[in-house]
Each structure stands twice: as C-alpha cells, then as structure tokens.
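Participant: Okay, handing you the structure first.
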Amino acid sequence: MAEAHQAVAFQFTVTPDGIDLRLSHEALKQICLSGLHSWKKKFIRFKNGVITGVYPASPSSWLIVVVGVMSTMYAKIDPSLGIIAKINRTLDTTGYMSSQTKNIVSGVLFGTGLWVALIITMRYSLKVLLSYHGWMFAEHGKMSRATRIWMCMVKIFSGRKPMLYSFQTSLPRLPVPAVKDTVNRYLESVRPLMKDEDFKRMTALAQDFAVNLGPRLQWYLKLKSWWATNYVSDWWEEYVYLRGRGPLMVNSNYYAMDLLYVIPTHLQAATAGNGIHAILLYRHKLDREEIKPILFLGSTVPLCSAQWERMFNTCRIPGEETDTIQHLRDSKHIVVFHKGRYFKVWLYHDGRLLKPREIEQHIQRILDDPSEPHAGEAKLAALTAGERVPWAKCRQAYFGRGKNKQSLDAVEKAAFFVTLDETEQGYREEDPDASMDSYAKSLLHGRCSDRWFDKSFTFIVFKNGKMGMNAEHSWADAPVVGHLWEYVMSTDCFQLGYAEDGHCKGDTNPNIPYPTRLQWDIPEECQDVIETSLNTANILASDVDFHSFPFHAFGKGLIKKCRTSPDAFVQLALQLAHYKDMGKFCLTYEASMTRLFREGRTETVRSCSSESCNFVLAMVDPTQTVKQKLRLFKIASEKHQHLYRLAMTGSGIDRHLFCLYVVSKYLAVDSPFLKEVLSEPWRLSTSQTPQQQVELFDLERNPEYVSSGGGFGPVADDGYGVSYILVGENLINFHISSKFSSPETDSHRFGKHLKQAMNDIMALFGFSSNSRKEFH
C-alpha cells in the first residue's frame, strides 16, 4: 500500500559496495512536525499547570509583590518585621556575595514567600466561602443581604479569567452526614412505600444500625474523608461501574441525539467531516483549558471540572474481576467502523489538524472502499456489548500479541471511536413515534456489533446525515458529555456550516494519506466467543421497549408562570403517570449532581415522598377540589426542591449508605439494614438533561434548532427509565425505556399517561389549550 511506504522515514539495503541509504523527505518532514506538535502541547500543559497552580493569583502578581517588597526596602522600610534580615544573615557566610546582592536575593525570597502565603490564604478563604450553601435554601427570587455580601466575597477571592481547572483546589470536600440524619431521611423516604408492619420492622433495623454498627463504620468513613479528595467517587466508580460484570450496552451506556428537526446536510461523509472536526476543536480547547468552568448563581459558584480530564483518548479495559480505565495524554488518530471493517484515520497533516473537507475526504474513501471484512471482524465489537468476563478472557487469550494486539491498541488508544451507520434515522413528521423510537434504539445499542461500547464515547453518523453519540458511563456523567455535544451541534451548524452542494466547506487535499485498514487474525475459538456475546447482546437489545417523543403542549416558560420549579413539575407528573400506569407508588431515583464539591459526581433524589403521594392521590380522587389539589401540589413541589437541594449540598441518603456498606464489606461485618437498603429496586429511574451553553443556540431566531436530548436503558427489569430535557421555553423532550419481557410495563402506555399527567397538572393553574397556544 502506498501509505505504508510513505510512513517509512528511511530504508537501507546492504550491497557489495556498502550500505545504500534512502531517505523519505516527506516522512522526515511529518516526523519533525509531529515532534514539534508534541512539544508545543507539552509546553502548553506546563504553562497551564503553572497558571492553575497559583490561582486565584496570577504569575504576573509575583512580580508585583516582589517589586513592592524591593520598593519598601529601597525606601528604608522593613515590611518583613525582621525576616529579610534573618534571610540576609543566613545566605552567604563565605563572603562571596556582596551586601547588595544579598539584599536583592533576600527581598526576592521574602517576596516569593509572601506571594505563596497570599495564594494559600486566598485559596483557603475561597474554600471556606464555597462551603456555605445557605443561598441554595433561600426563597426563589429573594436574596438576603448576607448572601449578597457572601457573593461579593466569593468574587473577590475567585480571581480573574479562571481556566477549566482553576477552582479545583479551592472546592470544598464532600461532607459526611451524621448517621442518624441519613437513617431518619431514609425512613422518611420509604414511609409511603411500606405497609405499617414492614415500616415498623425497617425502623427497628434502622435504629439498631444507627446505635450499634453505624458509628463504627462512620468512624472509618470520616477517616477516609479526611484523607481522600472525595469519600464517594473512587468507590462509586469502582464498585458501581468497573466491577459490574454485566453488559455495558443498555445497562450502563447512554446516548445523545442530534437536533430534533434540522439536518444540515444529507451527505454522510460531510456530516462526519464537520462533526469530527468540531469534536477535535473541543479537544483542542480542552487541552488548553480554554473551556470555561461552569458557574452557578450569577457566575459566582464554580462546579468541579475533574470529569473533563478523561473525555478523550480513554477506553475501558475489561478484566475478569474488575475493569480498568486506560487514559492517554494524547492521541493523534481515530478509528472508524463501516460495514464490519475498521480503519485508522490520522487527524494531523503537515503539523496541523485536518480541516473538515479533508476529514470528509477520508470518510468518503472509507465509504467507497469495496473490501470485505476479515473472518470474525464484522462482529468483533459485540465483545464490548456482552458479558465482561468472556471479553476479558478472550482479550487476554487472542489479542495480546501480533496484528490483533496492534489493531486493538489502535482502537483502544484512539481519541474516540466513529461508526458510519448504514441506516437512516431521525425525526420524521409523517411517523414521529416510530422514527424517534428507532432513532433512540439505534443510538442505545445499534446492531450490537457496530459500536465500541468500551470507548469513552462513540460518534455515530447515519446514512442520511443524522448523527448521535453513545457514551460509556464510568469515566464521567451525562452533563459532561452533554457539554461536548452542545458544542458539536452548535459548531456544526453555526460555525463550520456546509457548501451549497452539501459538502464541507473548503477544498480536498490529494496529499493526505489514505486511511489504514486494521488487520485482524481471529481464530475460530475467538469467533465462537464473539457469537456468544452477540447473542447475549441481541437478546438484551431486542427486549428494550423505547419511546421517545417531543412534548409540544407547553414548556418551562409556562411552568415558570405557575411559579413552580420546572423540574419539580415534571417529577410530580412522572409520579402521577406512574400511579396511573401501575396503580401503585414505587421507589424513584432522580439523578442530582454533587459537583459543588471537589471530584463530586452524583447523588440520588428520592422523588417519591409522602407529599408527592398525597398530591397524586388527590389528583385521582374526584371529590378533591382544584384548590385542594393546588395546595398539595405546592407542598409536594417545595418538598421536592428541598430534597434536591439536600442532595446537591452533600446531605443525600444513598451515597452515604453505599459507602457505609463498602466499609462493612472491608471489615467483614454484616448489616441487615444496609443489605436490605441496597437491594431495593429503583422501578422508576429519572434524569434531567441540563442545557449548559444556552448562548450557543439562539432559539428565538432559530426555533427549529432544538435539541432532542438523550436517554438510557431501564434500570429495573420491571421498571421504567425516563430522561427529559427542557428545551427553550416551549418544548420538553422525553425518552422512556422499559423491557418487553415485563408484563407490567409498556413505554408507549407510560408515555400517554405522562402526557395526560402534564396536561392535568397544568389545568390546575387555569391554563386552557388556547391560553397555552397564546403563550407560544
């Protein structure tokens, strides 16, 4: 192959006349440019490390402090209270340094020490200030004088122009709640779900735990919280994600959809060109820490940015007992899957990032490639979709050497994985339900052998130009991937754009080398394992009952006019819909974040409360008046917001109990209370997809550029998984999953109940269908 020859910098042959050395100037040029690129990235990382390391001060502030100290010394004023004189006396006892030199060195050393002390003081002061969360519990729209003063203090100590990781060392640690508080909150959460006898028994177990075993486990947990950066995150990653032996597909991975209505181009290669380039632009900003940290409360309170570190060049590696996460500092290629074949695509040429048209050129070459897959290659990715133990054993036995190892390394060490899907997906106005359901299922599992589910994310481009993403869950949570995806969709449409003929803008480049086809030698024994994994994955995928739909009746704009939280409104609608669907209440999981703390991830909001149950029962009781229902709605809504705030500020229930359970396992002691708590199924698992970069989309001028959000598979075999995104002011997109094998669930039936519940609750506020249209 021509590209293989181009990759060789020099060749030599031994002849009777000596050694004949032949140099490839093009290859040497590429090696030189690659080296310069690597050193440039190292320098930028070093520079960013220095800037982040001294934040909230700046490197230039060192010069200001030192000059200030030297100026006072010149004016015969001692700002050090004698410290400079002591430094002066200890500097040089041999007499080689002049007195003037010693004065200068002493002043610089003292100034540097003072500068470091100021940095530490500012950083610690900011950490103390950020430990205050009273602002979150204040009445909406009202801010006390104390909170305003606190905000001013935070802004003073926060420095200027923070980079992505600037606040990391200033974020407080996640606090460990008191055992009795957590136990009491737990009992309160399960009271509406248990009969009196069951609740009495659980209360006895809980009280015994809180008095006897709980304090012992708590002591070890507090010890860990003083030592570790976050007492939850490492155990959560290991025991909830990496030690899971079931398939990642459906059970753990989640997806993100493209824009709902718009397809900028129907050319698959062009969509891939712009999409890949946009992702790489985001990586470029991430490498330089140019992505702004997310700030709450009027750009005042920072969220933890640690999860961004492993977004690219990351892969989950299977193990027999536990998986590991492999993360590289850099990767200069991607791997593209098409029709059962794998291609390695270099991302740089002549020392620069490939342009969108050049990436499109690469992708078109792959689409036009007529070669057939090698034996076992077409279904190879099914290994990442099935059980983890067979994949781990197979990887060790058949992918540890030779061409298989080289090709697998190319996949696992790629910046990310790309799938050129052979199907057409997306919203179709003539059949919205079927088209959206098909789109969701394709992104969630595809054909089970055409996504590499171990990669941090797989970028999927469909035949008709629609795109999407499937993400692995262990390295980060959905809002982090959502941040990337918002940037990609915006950059694709508004920054990069397309030519009139649908191609990427710019010209093709005949000098860029062709993609490299990965080579495999897969024996029959390995092919048998692949088939077994594929069968497992197919059974799992075919059992997923998915329903994704846009809710057009109203959005968060009208909900806010009702003076209530949009999230609380939707959560109460979900409770009402579930009760109408099942005729009973269930343990409900709503994902909240704990990124107000360093290395925080998620916490559970137990959305099914006594207050929400009272409201739901009133809604199905024809004897209740609208006034009574509204009163119960407001009580339930306020309770939900309170529970959400507790979860965000480190006073949740489930992560604390989970960590206590882990400690009990390390100590080899059994806790009937913890065992029962952690075995309770979440039959309704919910999550809101946040919009984090609303400035990227001007929905007033471009109302058709609305996001579809994303979703995940059902958590319980007899339950529902519901994801939703509040887009703009007038649209809510829902993604509902369940299993066909459960006789109790039906995603489309639940969707109908949910639409009705949303409308029924809105009707309490006196908004008719006509008034809703006027609001639109």
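Don't overthink the numbers, they just go from 1 along the chain as shown.
Note: Cβ is positioned from N, Cα and C throughout, glycine not excepted.
Just lifted these from Swiss-Prot, have a look:
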- HIS473: active site, proton acceptor (ACT_SITE)
- GLY555, LYS556, GLY557, LEU558, ILE559, LYS560, LYS561, CYS562, ARG563, THR564, SER565, PRO566, ASP567: CoA binding site (BINDING)
- ALA2: N-acetylalanine (MOD_RES)
- TYR282: 3'-nitrotyrosine (MOD_RES)
- TYR589: 3'-nitrotyrosine (MOD_RES)
- SER741: phosphoserine (MOD_RES)
- SER747: phosphoserine (MOD_RES)
- 2-47: topological domain 'Cytoplasmic' (TOPO_DOM)
- 74-102: topological domain 'Mitochondrial intermembrane' (TOPO_DOM)
- 123-776: topological domain 'Cytoplasmic' (TOPO_DOM)
- 48-73: transmembrane segment (TRANSMEM)
- 103-122: transmembrane segment (TRANSMEM)
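I would like each feature placed in context: is it buried or exposed, what are its neighbours, and how far apart are things?
Facilitator: Sequence-distant contacts (6 or more apart, same chain, Cβ under 8 Å) of HIS473 (active site, proton acceptor) comprise TYR241, LEU248, SER252, ASN253, TYR254. The DSSP secondary structure for HIS473 (active site, proton acceptor) is coil.
Residue environment of LYS561 (CoA binding site) contains 13 other Cβ atoms, counted within 10 Å of its Cβ in all protein chains.
The Cβ of TYR282 (3'-nitrotyrosine) lies under 8 Å from the Cβ of ILE291, LEU484, TYR487, VAL488, THR491, each on the same chain and at least six residues away in sequence.
Annotation for TYR589 (3'-nitrotyrosine): spatial neighbours THR604, VAL605, ARG606, SER607, TRP682, LEU684, SER685, THR686, VAL715, criterion Cβ-Cβ under 8 Å with sequence separation of six or more.
Following the DSSP three-state reduction, the secondary structure of SER741 (phosphoserine) is coil. Listed in sequence order, ASP543, ASP717 are the same-chain residues at least 6 apart in sequence whose CB falls under 8 Å from the CB of SER741 (phosphoserine).
For the recorded site, SER747 (phosphoserine), the DSSP three-state label reads helix.
Below 8 angstroms of C-beta separation, residues 68, 109-110 of the same chain, each at least six residues beyond the ends of the topological domain 'Mitochondrial intermembrane' (74-102), sit close to that stretch.
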Participant: Counting other Cβ atoms within 10 Å of each Cβ, which of the recorded positions SER565, SER747 scores lowest?
Facilitator: SER565
Participant: Quick check on the binding-site residues GLY555, GLY557: which one has the highest count of other Cβ atoms within 10 Å of its Cβ?
Facilitator: GLY555
Participant: Compute the average pLDDT of the predicted model within the topological domain 'Cytoplasmic' (2-47).
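Facilitator: Its mean pLDDT is 59.
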Participant: Give me the Cα-Cα distance between SER565 (CoA binding site) and SER747 (phosphoserine), rounded to a whole Å.
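Facilitator: With distance taken Cα to Cα, SER747 (phosphoserine) is 26 Å from SER565 (CoA binding site).
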Participant: What other residues of the same chain, not counting GLY555, LYS556, GLY557, LEU558, ILE559, LYS560, LYS561, CYS562, ARG563, THR564, SER565, PRO566, ASP567, have a CB atom within 8 A of the CB centroid of the CoA site?
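Facilitator: Other same-chain residues with Cβ inside the cutoff are PHE569.
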Participant: Could you give the residue numbers and ranges of same-chain residues that sit at least 6 residues beyond the transmembrane segment (48-73) on either side and whose C-beta is under 8 angstroms from one of its C-beta atoms?
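Facilitator: Distant Cβ neighbours of the transmembrane segment (48-73) are 79-80, 84, 103-104, 107-108, 110-112, 114-115, 118-119, 122-123, 126, 157-160, 162-163, 165-170, 288-289.
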Participant: Using Cα coordinates, what distance in whole Å links GLY555 (CoA binding site) and SER747 (phosphoserine)?
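Facilitator: Per the Cα atoms, GLY555 (CoA binding site) and SER747 (phosphoserine) stand 22 Å apart.
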